[in-house]
Each structure stands twice: as C-alpha cells, then as structure tokens.
2 protein chains.
Amino acid sequence: MSIPNAFYAQSGGVTSVINASACGVIETARRHPDRIGKLYAGRNGIIGALAEELIDTGAESAEAIAALRTTPSGAFGSCRYKLKSLEKNRREYERLIEVFKAHGIGYFFYNGGGDSADTCFKVSQLSQSMGYALQAIHVPKTIDNDLPLTDCCPGFGSVAKYVAVSTIEASFDVRSMAATSTKVFVLEVMGRHAGWIAAAGGLAADQGIPVVVLFPEIEFDKARFLARVDELVKQHGYCSVVVSEGCHHPDGTFLAEQGTRDAFGHAQLGGAAPVVAQMVKDALGHKFHWAVADYLQRAARHIASATDVRQAYELGQRAVELALEGRNAVMPTIERISDAPYAYRLGSAPLESVANVEKPMPRDFISDDGYGITEKCRRYLLPLIEGEDYPAYSGGLPVYATLRNDVVAKKLPAFEIS
Amino acid sequence: MSIPNAFYAQSGGVTSVINASACGVIETARRHPDRIGKLYAGRNGIIGALAEELIDTGAESAEAIAALRTTPSGAFGSCRYKLKSLEKNRREYERLIEVFKAHGIGYFFYNGGGDSADTCFKVSQLSQSMGYALQAIHVPKTIDNDLPLTDCCPGFGSVAKYVAVSTIEASFDVRSMAATSTKVFVLEVMGRHAGWIAAAGGLAADQGIPVVVLFPEIEFDKARFLARVDELVKQHGYCSVVVSEGCHHPDGTFLAEQGTRDAFGHAQLGGAAPVVAQMVKDALGHKFHWAVADYLQRAARHIASATDVRQAYELGQRAVELALEGRNAVMPTIERISDAPYAYRLGSAPLESVANVEKPMPRDFISDDGYGITEKCRRYLLPLIEGEDYPAYSGGLPVYATLRNDVVAKKLPAFEIS
C-alpha cells in the first residue's frame with residue numbers, strides 16, 4: 001500500500017498568521033515521510049481542490065516554507081466559497097472525494113473558520129459514506145475569535161495587538177493636539193457579529209487613555225454615547241472611540257448605514273467611523289479625526305503577537321499529529337490553564353460540535369455601562385497580545401515570502417464550479 | 001551675568017519622532033549646564049509661551065527624557081496656532097518676548113514645519129528690534145516633507161515606512177483573496193499638497209505588487225485611472241491603489257468632495273478612498289476594500305524608521321549646538337551626500353529662506369503615466385525608511401512615556417490669546 005498524500009487549504013479571510021499554521025502543517029508533515037507522502041495545497045483554497053489545481057508544496061525549499069511563519073496573507077491563495085449543503089450540491093462533495101482519490105490523498109487539512117469547519121466535517125462524513133478512507137482535520141483560523149471549544153483562534157491575537165497599539169498611538173497624538181485642534185479620534189475595527197476585536201481597543205485604558213468602545217453586542221444609544229464622550233473630553237481634554245463595524249442601532253441597522261445617496265443615487269459609501277465622528281462634531285462641536293483600519297489590521301504581520309504566531313504554528317503542527325494518531329473530524333484547540341502567568345495546552349474538539357457554532361463574547365467582558373472592558377476581559381486579552389515576533393527586514397521593508405506555487409498535472413476532466 | 005534659560009516648543013501636527021527631537025534638544029542642553037540654565041517647554045506649543053505655561057523639563061528624570069526617543073506624539077502638547085503677521089498682531093510677538101524676558105530665556109527652539117519656521121524667524125527679528133538678546137533656532141519637523149533646504153524632514157521617513165509596509169501587507173492579503181473576493185484595495189494616506197507620502201506606497205512595486213498611486217500633483221483622470229486598474233487586475237488578478245487625500249479633479253475639487261448629503265442635509269463625510277473604491281466597483285464590478293490610515297500613519301512609532309528617529313534626534317541635538325555656536329535665525333538641515341550607501345551630513349539654513357517656502361515633489365519622481373514612482377524617487381525614499389527602531393514593550397504593549405509636565409509659577413499678568 002502506498003503512503004497517503006495530504007491536502008491543505010486556506011479558507012475565508014486571511015490573517016497575518018495563517019501562513020504560520022501552513023508552516024506548522026508542512027514542516028511537521030515533512031518530518032514524517034514514512035506516513036505522509038506528498039503534501040498538496042489547494043490553489044485559492046477549496047476551489048483548488050474542486051478545480052484540481054493542486055500546488056506541490058514539495059517544490060518549495062525548506063527556507064521558503066520557514067519564511068511562511070513570518071509572512072502575512074494566504075500564501076497558496078484563499079477563497080470565500082462556502083460549499084452548499086450536501087443535499088443541495090452533493091456533486092461538489094463527490095468531486096472533492098474524486099480529486100482526493102485521483103491524487104492519493106488520505107489527509108485533508110482545512111484551515112479556516114466556522115464555515116470551513118462545517119465543510120471539513122461534511123467531507124469527513126461523505127468520505128465514510130463513500131467508503132473512501134480520509135482523515136479530515138480542521139485547523140482553526142479567524143480574526144473574529146468566534147470558534148467554540150477553543151480558548152482563542154489564531155489570527156485574533158495579532159489583530160488585537162494591532163488595534164491596542166494603534167489606539168494607544170493615535171490617542172497619544174490626539175492628546176497632544178487637543179488644546180487647539182482635534183479632541184476626538186475614532187477608529188473603526190472589524191468584527192461584524194462580535195466585539196472581540198473592538199475589546200482590544202479597551203486595553204488603551206491601561207495607559208490612562210480615555211477610550212469609548214462601541215460593541216456590536218450593545219445597542220447603540222446616541223444620547224448616552226454623546227454624554228459619555230462629553231464627560232471624557234471635559235475630564236481629559238480629549239477622548240478616543242473604537243467602533244466595531246458591527247455596531248448597530250436598536251432596529252438592527254448598522255451605524256454605517258445612513259441611507260445617504262450620492263449625486264448618482266448610489267448608497268453612501270460605508271464606514272461607521274465617519275458617522276460616529278460627525279455625530280460628535282454635530283452635537284458637541286469637537287474637531288475630529290477618524291481612521292478605518294480594514295485589511296491593515298488583519299495583514300499587519302509587522303506587529304504580530306508572538307503568542308499568536310506560536311499558537312498558529314502549534315495548531316498546524318498538532319493537526320498533523322492528530323492525523324498521524326488516526327483522528328478524524330477533529331480540530332486542535334487551545335485550552336487555557338491560567339491567565340498570569342499565561343499557560344495553555346493543546347486539546348482537540350470534534351468538528352460536529354464546532355461546525356456552525358459561533359462563540360459570542362461573554363457579557364461580563366463588557367463593562368456595565370457598555371463602553372469598556374472588564375478586568376476579566378483584560379485578563380483574557382493580555383496573554384494573547386503578549387510578545388513581539390518581528391519579520392526580517394531588508395532595505396527598510398519586511399521580507400515576506402512569495403512561493404513558486406507549481407500546480408501538478410491534472411488527472412481528471414474539468415469540473416464546473418457553480 | 002546669569003546663565004540664559006532655554007525655551008522649546010512643539011508646533012503643528014505631531015509625528016512619531018518629534019519627541020526624539022525633543023530628546024535631542026533636552027539631552028544636549030543638559031550636557032551644557034554652564035551655558036544653558038533651565039530648559040522650559042511650552043505647554044501645548046507656542047500657546048504655552050503666550051499663556052506663560054512653562055513646563056520645567058528639569059523636573060523630568062533622565063530616564064523619562066531618554067524614553068521620549070521612542071514615544072510618539074508631542075510629549076509637551078502641540079498646537080495648531082499660527083501667529084498673525086507682525087503688523088496684525090504685534091502684541092503677540094511682544095508678549096513672547098515679555099515672557100522670555102521674565103523667565104530669563106535666551107534660546108528659543110521651535111520644533112515644527114513651514115509656518116513655525118516663519119514664526120521662529122519673526123521672533124528672532126523682533127527680539128533684535130526690541131533689543132532683547134535671543135537666539136531663535138528652528139528644529140524641522142513635518143510628515144509632509146515639504147521644508148526647503150533640507151534633504152528630508154523628521155517624521156516623514158517613519159510615515160513613509162508605515163505606508164510602504166501597510167501597502168505591502170494589505171496587498172498580500174488582497175492577492176490571497178482575489179480569486180473569489182476582493183480584487184482592489186484602496187489605501188488613503190495624508191498629504192494635502194504634495195505626494196511625498198503617497199509616493200511611499202509606490203515602493204510596494206519592489207515586491208512585485210501592482211499598485212496605482214494617485215498623487216495630488218497629477219490631476220485625476222477617471223477614465224485613464226480606471227483603464228489602468230482594469231489592466232492591472234487583468235494582468236495580476238488584483239491591484240492596490242494608494243490615494244493621497246490631496247488628489248483632486250482638474251477643477252481643483254478633492255476626490256473626497258462628492259457633494260453628497262445625508263438625511264439631514266449634512267455634507268457627506270469625507271474620504272477619498274471610499275470614493276475611489278466605489279468608482280472601481282461601478283465601472284469594473286470588482287469587489288473592493290478600503291482603509292483610511294489617518295492619524296495611525298503619523299503616530300505609528302511601533303514601525304518607525306531608524307534613519308528617521310536618528311535624524312530627528314540629531315537635528316534636535318544640532319539645534320542646541322548651533323545655539324551654543326552663537327547662531328541665530330537658522331534651522332539645522334540634512335544634506336544628502338549619497339543614496340547608496342546612504343550618507344548625509346548636518347548643515348544649516350537661514351530661516352529667512354525656509355519660512356513659507358514649500359518644497360514640491362519633483363515631477364521626475366513621478367512616472368510618466370502619473371501612477372507610480374521613478375527610480376530616482378525610489379533611490380531618494382529607500383534610505384529614509386531604512387532600519388527598524390522598536391520601542392520597548394511590556395505585557396504586549398509599547399512602553400510610551402508620559403511626562404510629569406510640571407508648570408512653573410507665573411510671573412506676569414494673564415494674556416488673552418486671540
């Protein structure tokens with residue numbers, strides 16, 4: 001019997017450390033040539049499997065693979081492509097199995113968030129019902145930090161660090177200018193459904209900064225919010241606001257949705273930050289500045305958390321170990337042992353319990369007034385942003401890896417992706 | 001005769017390295033107790049002098065002053081306050097001289113951009129006409145990099161590094177996602193009048209990234225711009241756009257001014273980036289993401305350029321040395337000797353020639369098509385972003401200094417600032 005090959009794919013929005021997980025998967029697989037044959041990566045995620053575009057990671061040098069640890073983004077390409085349900089498009093799942101069969105793939109490593117965990121679980125089930133031996137292991141990844149059964153998700157700690165550092169830096173700036181100029185700075189951060197990322201902005205309070213956090217979990221109350229900003233500006237001379245893109249009015253509409261139209265009738269271009277900033281200006285008269293971090297926050301490998309990078313790597317490594325231990329339909333997890341000193345161990349969770357379950361931020365992580373974080377939240381966040389793990393630089397710019405990404409010859413007829 | 005005291009003030013928009021200049025001024029002054037008595041800092045810039053709010057920097061420990069080198073923002077507070085012309089408000093200049101006289105100040109160090117150089121020059125002239133011995137030295141600072149007679153300005157190199165690194169990181173992200181999702185990323189950067197900062201985004205091309213830079217110097221041509229984006233997306237699958245906030249239409253209106261109104265009739269909230277992004281979406285149908293860096297770029301001490309930090313310190317140091325050499329109405333400058341290996345020496349320029357002169361970006365720094373930078377520009381920029389100079393971290397967050405800022409007792413009647 002020949003040695004089974006492996007398939008790895010990156011899924012959904014990429015992060016500054018998803019390549020560290022890829023590095024963990026590939027380096028660990030390479031240490032077991034007796035158990036794992038070739039390791040293919042999907043070109044642009046699961047699309048690469050459907051299209052039979054398999055990247056031969058064996059063509060990449062050890063140096064190139066090691067460099068993935070410090071390279072943001074998805075080195076093999078990712079995709080936003082959710083497989084339909086088994087009932088609606090069984091053909092897609094069968095195609096995956098056909099491609100895996102054609103290329104002797106016995107291990108399926110899927111690196112993504114909740115949707116991907118669901119796909120990974122379905123693939124494992126179908127392989128069983130089709131009598132094809134495949135071990136499907138999910139490698140967690142999401143800046144949204146919303147996967148259940150793991151203390152945290154790779155990608156989140158680095159975004160949290162970026163948001164905390166950026167909030168502190170911009171707040172120092174505003175503090176300098178407030179006597180005659182800008183008094184309120186608004187930073188918009190990601191997190192459509194949960195306030196994990198916005199919460200990191202609350203860490204700025206550790207450095208004495210007056211900061212108001214607007215969470216998706218707390219219905220926006222304009223009068224209360226303005227009263228809080230007014231109070232802080234009167235007390236400190238300035239304040240910063242960290243607003244989650246998911247912050248919304250009681251009727252469910254996002255702050256960014258103002259129903260405005262441009263000269264051509266197009267809906268107003270988004271951004272919760274400018275809306276909040278203008279609101280402050282109109283009500284309180286303060287000069288403002290606002291920023292929207294968008295991709296900068298999730299791509300900021302230059303300020304990644306060392307804890308996050310290490311865990312991303314370890315979970316990739318552990319995923320391969322779980323496969324070698326014969327496990328199937330599982331996801332390696334982080335189990336926190338203590339906050340300070342920070343200690344954790346790696347565990348695992350069945351995909352059945354992970355798929356399509358969103359972990360909300362606990363209400364007791366948000367202060368009673370809804371505008372800050374509690375000590376409990378602070379103790380949770382601090383270890384996740386601990387440590388710096390700088391990339392190498394050359395000529396003033398970070399040295400990020402771009403792989404060869406050689407695609408192996410196809411063996412099957414083309415498949416139309418719906 | 002008693003030893004003259006010194007006055008230092010920070011002016012205008014702060015940067016991630018203006019405190020490094022403050023550090024250079026203070027540490028150098030402290031090495032000459034026989035020539036320089038007390039060193040006062042203006043609380044909130046020149047306003048502090050007018051209001052006689054003088055911070056006693058002698059109350060700060062050597063450690064606190066050393067920490068300024070790695071602390072962004074203006075540690076003593078800055079202000080946006082341009083003194084009127086001598087003719088229009090001679091009282092203000094006379095008040096400055098009165099405050100200086102009351103506190104035995106013989107050295108005036110003013111840390112700012114073009115407007116401040118003008119103020120510094122006028123103060124030096126008035127002190128002469130009033131028969132009060134004062135040496136006025138301007139310490140250059142501006143992220144806009146538009147001061148004449150110096151090769152570059154402290155603050156610019158670090159913003160350039162931030163913009164180049166952020167453009168590269170976000171572009172890697174888009175490249176990963178482009179097969180099924182975002183194809184165009186737009187980053188808005190500062191620079192209302194000149195494209196120095198936007199030019200730094202052009203350095204991303206060094207890493208093979210298809211990037212379009214929109215300069216204030218080049219009138220925006222929608223059809224040509226869209227054709228360029230279309231071409232790059234067809235060729236690479238994605239592209240990034242770095243747009244200067246100063247980019248404008250041929251009639252002079254900024255891209256951000258769309259004349260749109262919200263439900264209450266308010267002008268649309270700004271941002272050139274969302275305008276450009278929506279334009280691409282409407283014409284080419286590509287999914288986009290956009291970011292507005294705003295204060296994050298000029299406060300980002302965590303990714304400061306080591307060259308910039310060093311020069312900021314050296315110019316502060318040199319300003320004090322120039323004073324000790326008996327110079328007046330001058331500004332220390334950077335004179336570039338060679339690009340690679342980078343070499344420079346410190347020089348000086350008369351304030352008369354610096355005040356109110358803006359250095360434009362040379363046209364031959366912008367590529368013929370107007371959307372990128374030339375090799376000449378690249379050779380200019382690279383040394384300025386060279387080297388990393390990380391702040392210390394504790395518990396995952398940078399350790400930035402907050403000073404005591406003790407204000408000394410007033411000796412004069414209050415003065416009404418207009």
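Glycine is no exception: its Cβ is also placed from the backbone N, Cα and C atoms.
The domain 'Phosphofructokinase' annotation in TrEMBL covers A:9-322.
In the three-state DSSP scheme, A:G13 (diphosphate binding site) falls into the coil class. Within the same chain, the residues at least 6 positions away from A:G13 (diphosphate binding site) whose Cβ sits under 8 Å from its Cβ are A:S78, A:R80, A:G113, A:T142, A:I143, A:R298, listed in sequence order. TrEMBL lists A:G13 with the feature diphosphate binding site.
Taken from TrEMBL, the feature site 'Important for catalytic activity and substrate specificity' applies to A:D115. Under a cutoff of 8 A between CB atoms, and with a sequence separation of 6+ in the same chain, the neighbours of A:D115 (site 'Important for catalytic activity and substrate specificity') are A:S11, A:G12, A:K82, A:N356.
DSSP classifies A:K141 (site 'Important for catalytic activity') as coil under the three-state reduction. Per TrEMBL, site 'Important for catalytic activity' is recorded for A:K141.
Positions annotated as substrate binding site by TrEMBL: A:T142, A:I143, A:D144, A:M190, A:G191, A:R192, A:E245, A:Y295, A:L296, A:Q297, A:R298. Around A:G191 (substrate binding site), the same-chain residues at least 6 positions away in sequence with a Cβ under 8 Å from its Cβ are A:D144, A:I197, A:A198, A:P216, A:S244, A:E245, A:G246. A:G191 (substrate binding site) falls outside any helix or strand according to DSSP and counts as coil.
As annotated by TrEMBL, active site, proton acceptor applies to A:D144.
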Response to the item:
Cβ density check for A:R298 (substrate binding site), other Cβ within 10 Å (all protein chains) comes to 29
Worksheet item: What Cα-Cα separation, expressed in whole Å, is found between A:K141 (site 'Important for catalytic activity') and A:L296 (substrate binding site)?
Response: 17
Discussion item. To see if you understand the setup: which same-chain residues, six or more apart in sequence, place their Cβ under 8 Å from that of A:L296 (substrate binding site)?
Written reply: A:Y162
Item to complete: Just name the binding-site residues among A:G13, A:D144, A:E245, A:L296, A:R298 whose Cβ comes within less than 8 Å of a chain B Cβ; none is a fine answer.
Response: A:G13, A:L296, A:R298
Worksheet item: Across the record's substrate-binding residues A:T142, A:I143, A:D144, A:M190, A:G191, A:R192, A:E245, A:Y295, A:L296, A:Q297, A:R298, the largest CA-CA distance in angstrom?
Response: 16
Worksheet item: Tell me, by DSSP, whether A:D115 (site 'Important for catalytic activity and substrate specificity') is helix, strand or coil?
Response: helix
